[in-house]
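K.L.:
Straight out of TrEMBL:
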- 72-98: repeat 'WD' (REPEAT)
- 100-143: repeat 'WD' (REPEAT)
- 144-180: repeat 'WD' (REPEAT)
- 187-223: repeat 'WD' (REPEAT)
- 231-273: repeat 'WD' (REPEAT)
């Protein structure tokens, strides 16, 4: 059974589980489906009986993505419809610690670097740029241009320092080198907008994309002529894709078809299950890093749900601890 938090008149765009506190989740939500009105940032704790509100903040525009600090358990960053990034602290009840406003259009993606010895934020915007920031948001360190459409997703590599992937409305997946401020790879991954991408946690060469064309594609960056896997099943655009932190081959996708699907790339028929527990677009999706197979999602139906899908809890997947030792794409 899923545990449910209801956020009346707030439509969920993104969720992320805390890297420090196993039962804590942040959710970025917006009024009026993000088209108008304000935004709300929610911090929630799973309890024995349900989901409790820890903290909430209002913002003057819609909020579209959220990421926890990888260095401070109290701090998180959100991306707004006004082109801003805001730094929030759960110990500070009123205003953000800092607001950075360099993007000229909506910030649709934010991510905090997970690589050891690195403490950076990346943002992706409808202004077609990605920006890399210091952890205090005092200024952007670099602006990366090259996409010819809206940037919907920016995700740091968990393996390679100073490297992130971006997915865009121009149909390309790009891989960037922050130190050199250049695009290392541009993959024409879909013939439609790409709304999401994610890195495999066990292989530095594997990236997944989810597109408006209803397909989930898995790419090996050493050979980008065609995807190594293409999964069909969703009926409408795929809003977010996430690799499991506990299995090299398991991933999840959520969609405007109101479903969340779970896949295992090692199977001939990769679809493990389809979860249909929302009544609107499912926009936010994350795996819990601490609790194997626990998933959090959020939807425009004004709910955040925490659950363990039956297909993953069946203990069919042994935790894979062997990191790939294959050569890198770069």
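Don't overthink the numbers, they just go from 1 along the chain as shown.
Cβ atoms here come from the backbone N, Cα and C positions, even for glycine.
Any TrEMBL annotation is an automated prediction that lacks curation.
Walk me through where these features lie, including what they touch and how far apart they are.
P.N.:
A Cβ distance under 8 Å defines the sequence-distant neighbours of the repeat 'WD' (72-98), meaning residues of its chain 6+ beyond its ends; these are 16, 18-21, 26, 28, 30, 34, 39, 41, 43, 54-55, 57, 59-66, 104-110, 112, 121, 123, 125, 127, 133, 136-138.
The average pLDDT computed for the repeat 'WD' (100-143) is 95.
With a threshold of 8 Å between CB atoms, the same-chain residues lying at least 6 positions outside the repeat 'WD' (144-180) that come near it are 108-115, 117-118, 120, 122-126, 128-132, 186-199, 201, 204, 207, 209, 211, 219, 221, 328-330.
Tertiary neighbourhood of the repeat 'WD' (187-223): same-chain residues 149-150, 152-153, 155-160, 165-175, 229-245, 248, 251, 253, 255, 261, 263, 265, 320, 322-324, 326-330, selected by CB-CB distance under 8 Å and a gap of 6+ residues from either end.
Tertiary neighbourhood of the repeat 'WD' (231-273): same-chain residues 14, 193, 195-203, 208-212, 214-218, 279-287, 289, 292-293, 295, 297, 299, 309-312, 317, 319-320, 324, selected by CB-CB distance under 8 Å and a gap of 6+ residues from either end.
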K.L.:
Using a Cβ cut-off under 8 Å, which residues of the same chain at least 6 positions beyond either end of the repeat 'WD' (100-143) come close to it?
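P.N.:
Same-chain contacts beyond the flanks: 19, 62, 64-71, 77-87, 149-162, 164, 166, 168, 176, 178, 181.
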K.L.:
Within the repeat 'WD' (231-273), how many residues are helix, strand or coil going by DSSP?
P.N.:
0 helix, 21 strand, 22 coil
K.L.:
Going by DSSP assignments with H, G and I as helix and E and B as strand, what are the residue counts for the repeat 'WD' (144-180)?
P.N.:
0 helix, 19 strand, 18 coil
